[in-house]
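Q: Provided herewith is a single structure, encoded as structure tokens, for subsequent inquiry.
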Amino acid sequence: MGMSSLKLLKYVLFFFNLLFWICGCCILGFGIYLLIHNNFGVLFHNLPSLTLGNVFVIVGSIIMVVAFLGCMGSIKENKCLLMSFFILLLIILLAEVTLAILLFVYEQKLNEYVAKGLTDSIHRYHSDNSTKAAWDSIQSFLQCCGINGTSDWTSGPPASCPSDRKVEGCYAKARLWFHSNFLYIGIITICVCVIEVLGMSFALTLNCQIDKTSQTIGL
């Protein structure tokens, strides 16, 4: 009974982490694609690392490393790797909770910081081709103009702005999109946390099962 339970747990955790690792590869690949083809980061000279591509590359890399430890620890029944996997997942979970709290506490300050970065980038629109391309992409995609409206463009709105003079600003449009999709974002976040907790539970259970099996066969 002990050996069959051990095998079941081992393969469940292995395939769980294999799927986790594949997801990490996809996220990393998408992040690299964004870094190559997406130039929105030029809008934030005050926070140059604030790009979706950088975030996806970092998250994808971390997921791949953690999932690799989980795969190797489960298939080799290595308690050291399993505990490393557990600790890393725990750190990631705590980091996510901390980040959520910080975003909630400093939401206003972050909004001001982002708004300042966008305001500075508007002044570079006619002198920097990358900034121009980024703004044109955002305004065309969101059907918005400037940060708060057409008045942000002192020399007149560019061609990428919608023709409607009462069009919304891109900052308000982006915030509206976020709030309208808040439920889905919340569900995805909760699912990720549940998966992490399940991974930690599987790792601990397998670790305990290895001990029990070792004692049973007299190792």
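Cβ coordinates are placed from backbone N, Cα and C, and glycine is handled just like the others.
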Q: With respect to the membrane, does Swiss-Prot record K79 and T213 on the same side?
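A: In Swiss-Prot, K79 shares its side of the membrane with T213.
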Q: Under 8 Å between C-beta atoms and at least six residues away from its ends: which parts of the chain pack against the transmembrane segment (55-69)?
A: 17-18, 20-21, 23-32, 34-35, 81, 84-85, 88-89, 92
Q: Count the residues of the topological domain 'Cytoplasmic' (70-80) that DSSP assigns to helix (H, G, I), to strand (E, B) and to coil, and report the three numbers in that order.
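A: Going through the topological domain 'Cytoplasmic' (70-80) residue by residue, I get 8 helix, 0 strand, 3 coil.
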Q: What are the DSSP helix/strand/coil residue counts across the topological domain 'Extracellular' (107-181)?
A: 45 helix, 0 strand, 30 coil
Q: Cα distance, N148 (N-linked glycosylation site) to N129 (N-linked glycosylation site), nearest Å?
A: 22
Q: Six or more residues beyond either end and a Cβ under 8 Å away: which residues meet both conditions relative to the transmembrane segment (81-106)?
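A: Beyond its ends, the transmembrane segment (81-106) has Cβ neighbours at 17, 62, 65-66, 69-70, 72-74, 189, 192-193, 196-197, 199-200, 203-204, 206-207, 210.
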